[in-house]
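Take a look at the structure below.
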Amino acid sequence: MGHSHNDDAETVTLLAQDALEAQSDVKDVDTKQTEVAKKVSETAAAPSKILFLDGVRGLAALLVVTQHSHEYMQDLNLGACAVDAFFVLSSFLLTMLFMKKSVKLLAQGASIRKWAFTLADYFSKRFFRVYPLFALVATVLWMLPNDAKHQYYRIEEPEKFDLVKVLTFDFHSRYFVLWTLPLEITFYLFIPGFVLAVLRLRQFWWVPFVPAYGWVVYEGLYTYRWSQMVLSRHFPTFLAGSIAAVIFVKINTWIGENSFTFSTYQVGAIRAIEGTTVSIIMSLSFQGLFFHWIHENIAPSTPGFPFISVLLTLVLVIEMLLPSGLSSLLEWSALRYCGKVSFSIYLLHGFVMYAEAVGAQANYYDRFFASFGPTILLATVSYHVLLCPTNL
């Protein structure tokens, strides 16, 4: 959960390579060479805008901590929104990354051996970016006394804690925040097949997306989703991220090939759509706002996680293609840093939030800083000690 910081770096590298390749193609163009070169230069600078995704991830991690504090904004379910954001970001980034690599391999006429190496590299990187810290947390919990298991990770029957079952993702052993890891890892296995199927459709890649989006929207509006559920309940959320990644790659490629520039009117229309989408996301997350100020929510009222995945992917694609002040805001260094260590924040915050020393603080602000400060510090240590070495 929130562990794809290095995937951001890989994606930036691929986008930069695409820009450089486009720039080399421009050298052979005699007409309008200066104008096209300028556009390519702007394209080469664009990959830095992907950094705002770290900010989104950092904000989501902080919202999870806020939700689990049982003190701040407990009348809302911002933790659920954050989990959906993690799911969407993971599927979006990994699908985009694998799709760009696959396009290059197909263009090169890569051998089966090269494809096998690429798939092995893909799966091994996914594994080593999430499993070591997960295994460490599970082992620490196993070593703790039963009271501590319940205190820090809310395990209802700590005497039944089975380390092997936890490490092998047994459904009934997915305690506290550990339930999301099996879902994400399982979906990782789906992404290569999804990408290759899309590429085989060539110009008809968009055809299956029409019913797929219909299904995603229907499931989002009418299906009850909550934590500790199986992948099938959350699969549409992941799928929304993967579909959005394909759409972004296709549009971004077309823009680069045709040296397309958005007109003032087009930018205005896109910003209006984006502003409306952000307003709806905020209203769903805070259970009011524009639903009180302008018009009540016309969607069916379904308990469980709010349906924000498709809306979130729309904002992501727009900001990737046409960055605005929103992405600049999310590139705030503090949010991006939290995004970098978000996986550690996600797995380790319970050891801080539920410590007796924190709960014993009588002052509200003392509890606040004693909760968030050490959580980020612990996440920083684990990131540099464990996550960085395993991601080399």
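For all residues, glycine too, the Cβ spot is worked out from N, Cα and C.
Since this is a predicted model, take the numbers as computed values, not measurements.
For reference, TrEMBL has these:
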type	residues	note
DOMAIN	51-378	domain 'Acyltransferase 3'
TRANSMEM	76-99	transmembrane segment
TRANSMEM	127-144	transmembrane segment
TRANSMEM	175-199	transmembrane segment
TRANSMEM	205-224	transmembrane segment
TRANSMEM	236-255	transmembrane segment
TRANSMEM	275-293	transmembrane segment
TRANSMEM	305-322	transmembrane segment
TRANSMEM	334-355	transmembrane segment
TRANSMEM	367-386	transmembrane segment
Margin query: Could you check whether the transmembrane segment (275-293) packs against the transmembrane segment (236-255) - three or more CB pairs closer than 8 Å, residues at least 6 apart in sequence?
Written below: no
Next item on the list: Could you tell me what the rest of the chain brings near the transmembrane segment (76-99), counting residues at least six beyond its ends with Cβ under 8 Å?
Entry: 1-4, 7-8, 10-11, 14, 53, 56-57, 59-61, 63-64, 66-68, 122, 126, 180, 183-184, 187-188, 191-192, 194-195, 198-199, 226-227, 234, 237-242, 244-246, 248-249, 284-287, 304-306, 308-309, 312-313, 316, 346
Next item on the list: Go through the chain and flag residues at least 6 beyond the ends of the transmembrane segment (367-386) whose CB is under 8 A from any CB in it; none is fine as an answer.
Entry: 62, 65, 69, 71-72, 132-133, 136, 338, 340-345, 348-349, 351-353, 357-359, 361
Check: For the transmembrane segment (334-355), which partner among 127-144, 175-199, 205-224, 236-255, 305-322 gives the most CB pairs under 8 Å?
Finding: 127-144
Margin query: As a test: from 175-199, 205-224, 305-322, pick the stretch that has the greatest number of Cβ pairs under 8 Å with the transmembrane segment (236-255).
Written below: 305-322
Note to self: Same chain only, please: residues at least 6 beyond the ends of the transmembrane segment (205-224) with a C-beta under 8 Å from a C-beta of the stretch. Say none if there are none.
What the structure shows: 198-199, 233, 236-237, 239-240, 243, 246-247, 250, 299-300, 302-304, 307, 309-310
